Amino acid sequence: MSYQFEKLLSENCNHNSKDVSEDDFENLSQTSSSILRENSLDELPFLNNIVDLETKTEEHVTAFLKRRYVNKQIYTWAGQTLLAIHPYEDIVSNYFNDTSVPCIDSIISKIWFRLSRNIGKNNQAVVISGESGSGKTYSACLAMKCIARFQKNKKKEPTDNILWQAWSSVPLLTAFGNASNEHNNNSSRFGKLLQLQYSAGTIVGAYIKTFLLEKSRVTGPNYQEGNFHIFQQILESVDDDTLANLYLNKDTAYKIAPKPENYLKSTYSETVKSLKILNITELNEILTILAIILNLGNINFFIKNENGYIAKDSYKFLIYASKLFQIDSDNLTQLLVTKTFAAKSKGNKRDTLYTSPCINKEECKERRNCLMRFLYNNLFLWLVERINEQIYAPESHKLIGILDVYGFEIFDTNTFEQLCINYANERLQQYFVNDHILKQRNELVAEGFSVDDIDTTEYSIRVGLLDGPVSVFGILNEECAMKRFNTDVFVNIRLADTLRSSKYFDTPGNNFSTCFVIKHFAGNVTYDTKTMLYKNRDKVPEEMISFLKDCKFPFLECMLRSSNDTSSNKTLLNKFTKSLDNLMQTLNQSDVHYVKCLKPNSFQIRGYLDEAYFIQQLRSNGIFDIFKLHFQNFCIRYNFERFIRKFSKKLYNCLQNPLKSEFHLGKKYIYLTEEGYIAFELLQYISKSIAARKIQKYWWKHRERRNRAAVTIQEFFKRIFFKKKRCSIENFIELSKMSSDIPLGRDESLTSTTSENYFANSCRKAEEYLRAHQFNRNYEGEQLSLTLEKHFNSLQTKPFKRVLFSGDHIISYNRLAEIPVRLHLSKTCIPYSNLLPKSELSKGLADIF
Ligand SMILES: Nc1ncnc2c1ncn2[C@@H]1O[C@H](COP(=O)(O)OP(=O)(O)OP(=O)(O)O)[C@@H](O)[C@H]1O
């Protein structure tokens, strides 16, 4: 046991509850550990964590995962990382509501557990990674569904529920940001980090951060690929009248929106519903922008005498687009077929602007495409901003991040977008290995665990090759900054000359090739430098912005406000690298949980796991490195002081033997497995209940004794009081007797007035007596007055026959009531029982009132 910990234990020995005996703990700990053992056996009919395998060779692990996959067990733990194999069939429902097996739900329950008990960092994140089409977005949706089940206040109307609104953003952003490609008919063409704001068991807000939309797709997807789903949705589902207002027609072939074989039949109604849930009312404006893009895409050009012109057959589309822009068609023509450039003027004068015609069709097309990309990208950013306005809670809260970025991509032709996407995956993989595996390894070694070496240099070298000082990005950015005329071949030669020494870089083909190869963690990808510089510059001509500002369509102004700073000289790679740096910072502030999505084969066939293909994914994902860290099962750690404050020394002493394997004492921390932590909490709870019950028992005993003592004292005092009272009544009776025993007629000096005085005196004394004894209309008082009344009336004193008492007053002493009178001095449950019938009042008690 660590010295520090021992010291703390001895310092804190007074901390324990004295009510619970060591034996109680002993018994409890035995019971609970046996419960835990039984549970784990019940819950794990098969092994479900590959670190528990006895033989951990690559072949063994693959065979084990294959067996699970064939048994339709698509989820498996690799330490604390969840492996999810794409089933290519709908079997996920088997896992619903069962957190005992590895699945997305178990990750979310872990996160919920941590947040609700303040374990670990304030923020939690799920990083879902994998190749394109491996099921990342699907897993992200499952995670959100699971959070919805966990959160409190389920009864709230769905429309008031932030999570419901955040959930509605999924089909909306899918429609605008997903498209079909050869790997996946619903491939995300942007990266997304959804941050859910958590407070006291509820999601109170959310925020969506997006990364680099593949905007080049909007000008026309690659062969057999689709454009963003929204275009098909409009052309298929919007009614004819609305389409006519948008200058669109179902019979027209729109070049940018081909229908690939495997296109996703997503529904427009779902998109509209999501807009409604998110209170986005600008549906018409959105449709107009999309209609402009569709019409612009059909505009063709021809060149005559080195001047660009709009082709006659496509002139109508130009007219439609300018009507939708609400600007004169000549302005649009001018924008598309001429270019403006600024020439430096002498002195401090402003630059002079010159206009020159586009000299070839490609230039005209590029200007048109630039306008379409700019419009679509800004529409997308505006949409994300509007969603965030609706779902964001301004107060700071704990965060649950769900990161779903585009998956690693290898196509026949890979260009700038694939370079960015694969770079993002490379960064995430590097983060996983460096900040998750390596950091843990070093900490574990420092804490006394013995862990094998893990070589992570290859991941850093590859990231350095892409974005370091001498790197692919460095050269592309430099070429953009120099603004010199350079061909794609030249850029490729420069890349090859500079980076040839790296073992992760290669240049296939001859000197005129425009291709280079990067050996990524997930495979070799051949990139084409064609259009790379152009796309990297990401420049929107000034005159295009002025044109949009001149248009009378008011929505354009709102949209431009959400746009990025177009005047900035930063390249797209600069911006993208920066956004990924921010993402890494966000992850650094969170406890990160990993879901690695894997594809069983490259043919999208269900029930078949291609071992060679699969093993490569495991290798490149760093899954085999996880074996070296199987200590990471100790996923909860406390520093000693907090541990002792939370649990007690006695609890620790009792549990250290039965739960020996569930915790580890390091130099700074005590490490617990989740089972260990639950056992500690369970026993602490039970021990507190025992202590509480004991305290209750003592308290009841004490109260009983106190009550009994009070009763004894009361009895004693009552006895004395009654004795005294009886005494004083007797005295009074004696006194009254004396006053009434006046010998009438015998002594002439004693007149009737004298006798009357005597009687009146007696009565006054009787009243005083009653008052002095605190006559308060209670039973005792009543008894007393009745006793006195009886006594007076037995005296037969002349001329006063009867004396009638009410409380501490004599109310009648000159004549008897002619009817039997009962005076009720306290309220009874019989209504009006304290009143006499009116008819009887005059006869009996007229002098009373
Ligand atoms: N566990 C699963 N059960 C059933 N279908 C699934 C499962 N996982 C994924 N799918 C389906 O597979 C397809 C691809 O999944 P998804 O879009 O989530 O992949 P992705 O990794 O996000 O791809 P990309 O990186 O291209 O966006 C989708 O149609 C999805 O519905």
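Each Cβ is built from the backbone N, Cα and C atoms, and glycine gets one as well.
As the structure is a computational prediction, the values presented were derived from the model and not from experiment.
When other Cβ atoms within 10 Å of the Cβ of G130 (ATP binding site) are tallied across all protein chains shown, the result is 25. If you look up TrEMBL, you'll see G130, E131, S132, G133, S134, G135, K136, T137 marked as ATP binding site.
TrEMBL lists 45-647 with the feature domain 'Myosin motor'.
Residues 69, 78, 80-86, 88, 104, 107, 110-111, 114, 120-131, 133-136, 139, 193, 195, 209, 211, 399, 401, 403, 407, 423-424, 427, 431-432, 435-436, 608-610, 613-614, 617-618, 621, 623 of the same chain, all 6+ positions outside the region 'Actin-binding' (580-602), place their C-beta atoms under 8 angstroms from a C-beta of that stretch. Under the heading region 'Actin-binding', TrEMBL lists 580-602.
Shown are the binding-site residues G133, G135; the one with the most C-beta atoms within 10 angstroms of its own C-beta is G135.
Within the set of binding-site residues E131, S132, G133, S134, G135, S132, G133, S134, G135 have a CB atom less than 6 Å from some atom of ligand 1. Same-chain residues that are not part of G130, E131, S132, G133, S134, G135, K136, T137 yet have a Cβ within 8 Å of the Cβ center of the ATP site turn out to be H86, H183, N184, G407, C597, K599. For the recorded site, S132 (ATP binding site), the DSSP three-state label reads coil. Break the region 'Actin-binding' (580-602) down by DSSP state and the numbers are 9 helix, 9 strand, 5 coil.
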